[in-house]
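Features of the protein shown, as given by TrEMBL:
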- A:ASP30, A:SER44, A:ASP75: Mg(2+) 4 binding site (BINDING)
- A:ASP30, A:ASP75, A:ASP212: Mg(2+) 3 binding site (BINDING)
- A:ASP46, A:ASP75: Mg(2+) 2 binding site (BINDING)
- A:HIS53, A:GLU264, A:TRP307: substrate binding site (BINDING)
- A:28-138: domain 'PurM-like N-terminal' (DOMAIN)
- A:151-244: domain 'PurM-like C-terminal' (DOMAIN)
2 protein chains.
Amino acid sequence: MRELGEFALIARMNAGRSFGRDVLVGPGDDAAVVAAPTGRYVVSTDMLVQDRHFRLDWSSPADIGAKAIAQNAADVVAMNAAPSGFVVALGCPAETPVAFVDGLVDGMWAEATRAGAAIAGGDVVRSPQLVISVTAFGDPRDRPVLRSGARAGDTVAVAGGLGWSAAGLAVLAAGADTERFADVVAAHRVPRPPYAAVLELAPAVTITAMTDVSDGLLADLSHIAESSGVAVDIDSAAVADPALDPVATALDADASRWVLTGGEDHAFAATFPADIPVPPGWRAIGRVRTGAGVFVDGAAWSGPLGWESFDGGERRVAGE
Amino acid sequence: MRELGEFALIARMNAGRSFGRDVLVGPGDDAAVVAAPTGRYVVSTDMLVQDRHFRLDWSSPADIGAKAIAQNAADVVAMNAAPSGFVVALGCPAETPVAFVDGLVDGMWAEATRAGAAIAGGDVVRSPQLVISVTAFGDPRDRPVLRSGARAGDTVAVAGGLGWSAAGLAVLAAGADTERFADVVAAHRVPRPPYAAVLELAPAVTITAMTDVSDGLLADLSHIAESSGVAVDIDSAAVADPALDPVATALDADASRWVLTGGEDHAFAATFPADIPVPPGWRAIGRVRTGAGVFVDGAAWSGPLGWESFDGGERRVAGE
């Protein structure tokens with residue numbers, strides 16, 4: 001990277017890319033210009049730090065890049081918005097091989113393309129370890145869907161897998177057979193948010209509240225419960241995933257904990273009015289009730305809800 | 001920070017803040033929602049890394065926060081756009097005192113307010129050293145002004161000080177008297193981009209090309225020259241700043257190098273049609289000519305143009 005220099009590196013990152021219709025002015029000026037046809041846009045930002053959110057021996061450069069984009073795109077889609085652009089700030093050591101950055105950027109573009117948007121610009125600086133900061137933008141499809149709209153009686157539903165990323169992390173941390181459990185390891189390395197489950201909903205479908213599952217299902221639902229002034233009750237049988245049982249058995253672990261508190265799957269959790277059918281791609285997992293807090297099978301949940309950034313970090317990648 | 005936890009910390013960062021009219025949905029959901037009344041917005045992102053872009057023994061937390069916002073706001077204003085919002089991703093060690101983060105965030109808000117916008121959201125993660133990634137948004141005032149519009153004959157003009165940040169850095173690096181040279185040291189710690197010089201221009205004033213001076217006057221003008229397919233010729237007498245002479249004398253340094261290649265002042269450099277007077281707040285410093293490259297007093301410049309992120313870093317803060 002030192003040999004190539006910042007500007008040559010940025011040119012290399014952008015060579016041959018197609019910026020699509022939303023990016024009106026792409027990389028190469030002081031700022032990008034992005035379309036906002038509805039007169040407003042949603043924006044979310046996340047930072048990933050080496051050895052904290054990913055490990056270079058567990059993930060390929062392309063995996064890391066794709067994950068960084070996916071988790072931000074999921075935040076945008078969880079607002080009921082279609083991704084329209086990303087900007088990326090990248091900190092990396094001067095001795096980083098250019099091939100590493102090529103892989104990282106290719107992974108970013110692949111996931112950005114899957115999410116329907118381009119990388120409109122960025123920044124590259126030197127840093128003691130790899131740090132990736134992604135900001136994602138989106139066009140609200142109709143109105144933004146917040147966490148605060150859930151009403152007692154609503155159906156709680158999810159789209160996408162739960163607990164897979166946590167199971168994959170457990171496989172990697174235990175040094176278990178990554179070939180045998182390739183599906184969950186892949187899910188940990190690169191979450192695949194089911195964007196289409198939201199973006200292809202019929203316009204007539206009302207979503208009362210929505211979030212993506214980043215910190216853990218119960219943690220993220222607790223945010224909806226708190227913002228909406230309601231309680232959420234989850235049916236443990238409805239969220240159980242038999243695909244995780246062999247992994248749990250092999251590791252002597254509790255699959256239900258992965259499902260309920262695992263985070264990082266970037267599934268979508270939403271509440272729908274009780275009088276409409278759960279839309280295609282979604283499955284009902286519980287009910288919104290009056291009250292406060294998070295319940296599982298009718299009982300107040302007293303265990304950890306998920307992962308928080310300064311709590312000691314036992315839930316993310318090992319090493320600190 | 002570890003004791004407080006991520007969510008309490010974020011609540012603390014946002015307590016009592018006024019989010020203004022552009023931030024339609026502020027912190028606390030998956031994403032923020034920002035107004036884009038013109039149907040498009042500009043966006044820029046920059047990352048600042050501890051000991052690379054700032055030093056904790058040279059700058060207060062508030063200084064660091066203000067600088068992070070200022071350099072991003074300057075990019076937005078350099079597109080002829082009024083800042084409308086910022087998002088901030090913050091990586092910091094778990095043992096970071098909460099008072100440090102309070103100071104950092106207060107400095108961010110102070111500069112954001114000076115730029116006319118609010119901090120709409122963010123992310124806080126654990127990191128081995130402080131990393132700050134800011135993304136700034138803005139409303140184009142009329143049309144975005146790019147680097148590519150300069151035409152032979154145009155006047156080159158600047159608004160804001162040049163070389164002050166580099167002089168301040170030199171004072172700090174030499175261990176010289178920071179009280180005696182307080183003005184330039186302050187300019188290094190917190191650049192003050194002259195936003196109003198752009199944002200209060202009469203709508204009838206044509207700017208053909210514009211950039212902020214972040215890498216060095218000659219480096220940034222070389223980007224305009226290259227993008228526009230022209231040459232830029234700077235009058236060294238017009239950019240000389242007598243206020244820097246005592247600093248240069250004390251340090252046995254060359255003030256003209258600070259002015260021409262110093263960067264980080266976040267002044268604005270623009271080109272205007274030759275047939276209009278240079279607007280209030282701006283001063284003419286040269287001329288656009290046919291050809292290519294950067295000239296000083298009619299001679300092709302062969303020295304370094306400014307600072308680049310992977311070139312060894314002699315120009316930013318010491319320590320690596």
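From the backbone N, Cα and C atoms, a Cβ is placed for every residue, glycine too.
Rounded to a whole number, the C-alpha distance linking A:ASP30 (Mg(2+) 4 binding site) with A:GLU264 (substrate binding site) is 33 angstrom.
Nearest to A:SER44 (Mg(2+) 4 binding site) in space, judged by Cα atoms and limited to the binding-site residues A:HIS53, A:ASP212, A:GLU264, is A:ASP212.
When the Cα atoms are compared, A:ASP212 (Mg(2+) 3 binding site) and A:ASP46 (Mg(2+) 2 binding site) turn out to be 13 Å apart. Sequence-distant contacts of A:ASP75 (Mg(2+) 4 binding site), defined as residues of its own chain at least six apart whose C-beta falls under 8 angstroms from its C-beta, comprise A:SER44, A:ASP46, A:ALA136, A:ASP212, A:SER214. Within the set of binding-site residues (A:ASP30, A:ASP46, A:ASP212, A:GLU264), the lowest number of other Cβ atoms found within 10 Å of a Cβ is recorded at A:ASP46. Of all Cβ atoms in the protein chains displayed, 30 besides its own lie within 10 Å of the Cβ of A:SER44 (Mg(2+) 4 binding site). In the three-state DSSP scheme, A:GLU264 (substrate binding site) is classed as coil. Across the domain 'PurM-like C-terminal' (A:151-244), DSSP classifies residues as 43 helix, 13 strand, 38 coil. Mean pLDDT for the domain 'PurM-like N-terminal' (A:28-138) in this predicted model: 94.
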